[in-house]
RNA sequence: GGAGGGAUCGCAUAGUGGCCUAGUGCGGCAGUCUUGAAAACUGCUAUGCCCGCAAGGGCAUCGUGGGUUCGACUCCCACUCCCUCCGCCA
């Protein structure tokens, strides 16, 4: 959410953001401003009438009961008029509030303008892509022949995009999550196990609603399943006032993530890359309302994600996302794409964003600065490790010619095997 | 799932239709006193919005949303959350 006064004073800037983010069909800034003007106009009328009513009521209370009838008559007519205006005010306010939820944040100056993913910029590539002496298998072939992945039964039980991880595959996934968590603990972040079932207001608060409502599983009581722990983590301090000395707040959490993947029909249908359900270690930081500081944290959090990949020795590249390929609330976003040998392609495994006060306004998270002024915090979030997607990358990059998979060095302390060998019997 | 109790200012509590412009205590801030500190005393102590250059004025907020009333912290309805007990349960 943006400040309405900011929108009114920077109409052109906000309109450009709407266009650059390809959101012209979802929000009209002109209509928003008109609605707010109307709202203020009505508010003035309502407040005037309320003031009048309050004064009359006060007079009535000071007059003997038998002398009240004239005043009560007058107050009754003021009340009738007030009711008319109040009804209209409520309606206008509701319209305005709804419209406000659709206003995107303004991208940072260094974000490239672009319509879609083709406008993204490669910032750098890290790690060397190994030339394999053999034709690499994809993670599905590997997973099946090693009996660590079962997609057929996954589909039988879970439907489309359902999967079972099995044997060493299931263990390797746990090791990855544990490895990622340990890195974040070493960085001094606070670990949280979070609610997976969350009230809708916090999806709105983090900016997933209204834009992404369709991609979420709704429960019969109106709550929804989180698509990322970011929702719970960022909402943790909702409606609270923090001390400046408590900032930056650094949190991470491990949770399952649920996504309908509506709008992704036909995309990544093979393997365990795009799923309805996966696990993710997510990092969230709340900082003071300072552009420099939030940008420093944006880079620092990118570094944490990079360290996960560097530790695993996986080649990856850093992508600066363009306006058309970032979320409505995001101000700047990097994606990390990890190398998948079977496709000779980098594919998205991490996403690192900052929001300024976009989420904090929606969630009402403030802090009192050294001058005593209340300000909204700035929020950021980034993937630490998302699996089975990252697991698939590990499987493919650590495969050997004989079809076995070597366990990455950093994961061995969590496992009692160093290599995953083909099974004699697969059932 | 059943039965009861509750939600008031940072915290704790008072408040059962107009005296609430929400009292009191604690905490916090400032000052007096003191070499310094403590104690004591004095004062201050929320948020959002509207009008205004400002000084200042107005409106709203006692869990949330409706309703009754000239007037609601107080009465009515619905909802949310918390606590106690019973049942069920990893």
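Every residue gets a Cβ built from N, Cα and C, even glycine.
TrEMBL entries are annotated by machine, without manual review.
Annotation source TrEMBL lists L-serine binding site at A:228, A:229, A:230, A:259, A:282, A:381, A:383. Per TrEMBL, ATP binding site is recorded for A:259, A:260, A:261, A:348, A:349, A:350, A:351. Under the heading coiled coil, TrEMBL lists A:68-95. What TrEMBL lists as domain 'Aminoacyl-transfer RNA synthetases class-II family profile' is A:138-408. Residues or ranges marked as site 'Important for serine binding' in TrEMBL: A:383.
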Report summary line: What DSSP gives for residue A:230 (L-serine binding site), in three states, is helix
Report summary line: By Cα geometry, the one of the binding-site residues (A:228, A:229, A:282, A:383) nearest residue A:261 (ATP binding site) is A:228
Query raised in the report: Quick one: Cα separation, residue A:351 (ATP binding site) versus residue A:228 (L-serine binding site), in Å?
Result: 12
Query raised in the report: Counting other CB atoms within 10 A of each CB, which of the binding-site residues A:259, A:260, A:350 comes out lowest?
Result: A:260
Query - residue A:381 (L-serine binding site), number of other Cβ atoms within 10 Å - result: 25
Report summary line: Quick note, residue A:230 (L-serine binding site): same-chain residues at least 6 apart with CB under 8 Å of its CB -> A:206, A:282, A:284, A:381
Report task. Starting from the Cβ centroid of A:228, A:229, A:230, A:259, A:282, A:381, A:383, the recorded L-serine site, name every other residue in that chain with its Cβ within 8 Å, sequence order please. Result -> A:226, A:227, A:231, A:233, A:255, A:257, A:280
Query raised in the report: Taking only the binding-site residues A:229, A:259, A:383, which one has a CA atom nearest to the CA atom of residue A:350 (ATP binding site)?
Result: A:383
Query raised in the report: About how far apart, in whole Å, are the alpha carbons (Cα) of residue A:383 (L-serine binding site) and residue A:260 (ATP binding site)?
Result: 19
Requested in this report: Tell me, if you would, which residue among A:349, A:351, A:383 (binding-site residues) has the fewest other CB atoms within 10 Å in the structure shown?
Outcome: A:351
Query raised in the report: Per the record, ATP is bound by A:259, A:260, A:261, A:348, A:349, A:350, A:351: how many Å separate the farthest pair of Cα atoms?
Result: 19
Query - List of residues, in chain order, with Cβ under 8 A from that of residue A:228 (L-serine binding site) and at least 6 apart - result: A:255, A:257, A:280, A:282, A:381
Report summary line: Rounded Cα distance, in Å, between residue A:259 (L-serine binding site) and residue A:348 (ATP binding site) is 16
Query raised in the report: Roughly where does the coiled coil (A:68-95) sit in mean pLDDT, to the nearest integer?
Result: 91
